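Over in Swiss-Prot, the protein carries these features:
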ACT_SITE  26  active site, proton acceptor
ACT_SITE  103  active site, proton donor
BINDING   77, 83, 90, 104, 105, 114  substrate binding site
SITE      21  site 'Transition state stabilizer'
């Protein structure tokens, strides 16, 4: 029997404007195109991927809560909520699902208020500064992590 991993991709505030908002920082590709490419990659890896984007913190929290028992792994770009949301952190601690934090830009070379993340210390890993390729890297790492976990 082949296991199909269930990975949830979550994108936070303003990422719906990817390709429009400060493209010199975040890139020129629309979120819909990024997600479409990730769906193709996930299919090639035998992964069932779902995607959710919201500008509202409470909707992201609800999405994380609903992932309990429905997702094996989460990839999240929390965007600005990275630096402000204790509630997102608590949501992850509540469901106990491994996750990778992704940022399109390198948050450590930008404004000082972006240096701190409320999620990094509880994430399996953090990928930042590689644009949309960071999502692909996270997807491959999630697959590798889940494959190792299932083979133990």
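Backbone N, Cα and C atoms are what each Cβ position is placed from, and that goes for glycine too.
Everything Swiss-Prot records as a feature, shown here on the structure.
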{"residue": "21", "record": "site 'Transition state stabilizer'", "Cβ within 10 Å": "12"}
{"residue": "26", "record": "active site, proton acceptor", "Cβ within 10 Å": "21"}
{"residue": "77", "record": "substrate binding site", "Cβ within 10 Å": "25"}
{"residue": "83", "record": "substrate binding site", "Cβ within 10 Å": "16"}
{"residue": "90", "record": "substrate binding site", "Cβ within 10 Å": "12"}
{"residue": "103", "record": "active site, proton donor", "Cβ within 10 Å": "22"}
{"residue": "104", "record": "substrate binding site", "Cβ within 10 Å": "23"}
{"residue": "105", "record": "substrate binding site", "Cβ within 10 Å": "18"}
{"residue": "114", "record": "substrate binding site", "Cβ within 10 Å": "17"}
Annotated substrate contacts 77, 83, 90, 104, 105, 114, maximal Cα-Cα distance (Å, integer): 25
Top Cα neighbour of the residue listed as 'active site, proton acceptor' in the set of recorded positions 83, 103, 114: 103
Cα-nearest neighbour of residue 103 (active site, proton donor) within the listed recorded positions, 21, 77, 83, 90, 114: 77
DSSP-derived structure type at the residue listed as 'active site, proton acceptor', helix or strand or else coil: helix
In three-state DSSP terms, the structure that residue 104 (substrate binding site) belongs to: coil
Pairwise Cα distance for residue 105 (substrate binding site)/residue 21 (site 'Transition state stabilizer') [Å, integer]: 13
Residue 21 (site 'Transition state stabilizer') and residue 90 (substrate binding site), distance between Cα atoms, whole Å: 29
Between residue 83 (substrate binding site) and residue 21 (site 'Transition state stabilizer'), the C-alpha gap once rounded to whole angstrom: 19
